[in-house]
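Asks: One structure, as structure tokens, below. Some questions next.
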Amino acid sequence: MPAFLLAAAAILGLFLPQWLGGAATSALVVIAIFAIMAYGLDIVLSDLGEVSLAHTVFFATGAYATGLLATRTGFGAWGTLLGAMLAAAVIALLLGLLTLRLREFVFSLVTYAAAVVAAAVAHNWNFLGGSDGIVGIPTFDLSLGPLVLVARNDAELWPYAYAALLLVLWFVARFRRSRLGLVAVMAHLNPRLATMSGVDIARTRLAVFVLSAPVTALAGWLYAYQRAYVGPDLFESYFLVLMLTAVVLVGKRLLPGPLLGMALVLGQEKFLSFGGDVDAIILGLALILVLCFVPGGLVGAIRPLLRRLRPAPTH
Amino acid sequence: MNLVQQLINGLILGHAYALIAIGWTVLLGVARLVNFGHGQMYMIGAFMAWWATAPLGLPYPVAVLVAVAAGALLGLLVQAVMLRLTLEQNLVSIMIVTLGFGHVLRGAASLAFGGTPQVLETPPSLIEFELAGAWITAQDLLIVAAAILVFALLRGVVERGRLGRTARMVAEDPKLAQLAGIDVTRVYLAVFAFEGAAVALAAALVAPRTPILTSIGFEEVIVTFVVVVLGGIGSVAGSYLAGVGLGLFTALFGGFVSPAYTTAASFAVLTAVLVLRPGGLAAGRAVR
């Protein structure tokens, strides 16, 4: 797509809430936030080929850092943004160093265990608000000098969530074309070739893992302001299954994939809900069925149909 | 509580842990498979046992059988759905799919059993007696006896018997095993049915100790991970020792340091093991 078309589409997206009406606004904001969350996991799962189950921790870390800094030290949104991303990167670095030499399921097992333990800690540690969490997070305020940038409700938050989403899309696209992104894919698909080409696989994995954490933490930062509350429910396995489903539903290594996947899942939950329990079953089933029967994702399933519709090329 | 009491407590807890983890041990050691829905299968097993005793009024031994049968069916179902992934040895997708199954099971359990905590009351848990100052129940003894029995049986079957040899051959090289005339699909289905049945048995025996909620199962997963990794991935005897060791550690930590952070402490143990011997564990071939 030519650059100007992309730019035009990007600008049009800003007015989506006006077109879709008031009810859609909060859904759009949440889709943008959770899509950002999924993109962090996307580069680990799709490019590196590892299943990190600790991304809920990075999401919650972003939200908790925001909540703590905003309510206890009076940091503004810029300060909490920096704090959220930094805190997630530090935790990712520690977890990454710990799992540096672990592969496949042992890596996933440790990241999963880390997520469960983090949830237990958040429930019990008074410093983090315990089971009550942190309430009274102030209004989102990114004002710079005379420039007033405040968001008091979902409609006002949309431009910021949308801008953050575009930024993350740009970042993931750039990452995929960067040396690190290419090396990550090589280390995933052909580790022997990567080693022979002088690639330090362990370092590559660590770099991608640490890089992915602040992306997911960015979503946590926005979510803390959107809900004005941070609590241990952020560690719920719901978020993990949500992220995984968004990443695999439409098709792996497809730039708009996680965004579209998240829009499909949350669209169902917001506008076609059958109650929390049935929605949980639907979400889990979507994840299972796609991986077991449509490994290429929805795009992979549609592609052969499209090809059949098109007339066969003449040679 | 004094040290002796905590030690007795730890021994009981340890046998419970070993029993909870045995399905994963076999899954991993025999078929090189994993199941991240293990905790939710434990939860379903506990609810099935409760459902069979309280609303249906069946005697406890029958309820245990009901739970075990349900667990085996569930295991079969999971494996039947993801059979293609198993045959491809696509561990990445298997991990995510089993996690998805866990999520579905939780949703289904909330739908079927609601949000009220239930208590599985069994006749043996009412029989109490004192042992060196610690109060233990017949249920506790049942757990210990069941764990020892299951591990002894498995050691005979998996590590010495012909069945175990066949399954290990499948784990080592599924394609070669198929050429040798082994029905690989059946082995995978059987191993997963065993995983489901074993965790349900553990749930039916251990769950009377705590309230049953649809949100339980996460602690059991951590316990399973620690036992499997600590015991040397896939080793039956190692798992037993690791389970008992972890039980003693948890009881002592919970009794003398902090009961709220026992899961975190188990994770610290896991971390320490992985840092100390990452090579041998990462390969996943500690014991053959």
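Each Cβ is built from the backbone N, Cα and C atoms, and glycine gets one as well.
When I checked TrEMBL for this same protein, it listed these features:
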| type | residues | note |
| --- | --- | --- |
| TRANSMEM | A:52-71 | transmembrane segment |
| TRANSMEM | A:77-98 | transmembrane segment |
| TRANSMEM | A:105-125 | transmembrane segment |
| TRANSMEM | A:157-173 | transmembrane segment |
| TRANSMEM | A:180-199 | transmembrane segment |
| TRANSMEM | A:205-225 | transmembrane segment |
| TRANSMEM | A:237-255 | transmembrane segment |
| TRANSMEM | A:280-302 | transmembrane segment |
Asks: Restricting to the same chain and to residues at least six past its boundaries, which positions have a Cβ under 8 Å from a Cβ of the transmembrane segment (A:280-302)?
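Replies: Those are 238, 241-242, 244-245, 248-252, 254, 257, 265, 268-269, 274, in sequence order.
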Asks: Is the transmembrane segment (A:205-225) close to the transmembrane segment (A:105-125), in the sense of at least 3 CB pairs under 8 angstroms with a sequence gap of 6 or more?
Replies: no
Asks: For the transmembrane segment (A:237-255), what are the same-chain contacts with Cβ under 8 Å, counting residues 6+ beyond its ends?
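Replies: Cβ under 8 Å, 6 or more out: 34-35, 37-38, 41-42, 45-47, 53, 55-56, 59, 115, 169, 172-173, 176, 261-262, 264-265, 280, 283-284, 286-287, 290-291, 296-300.
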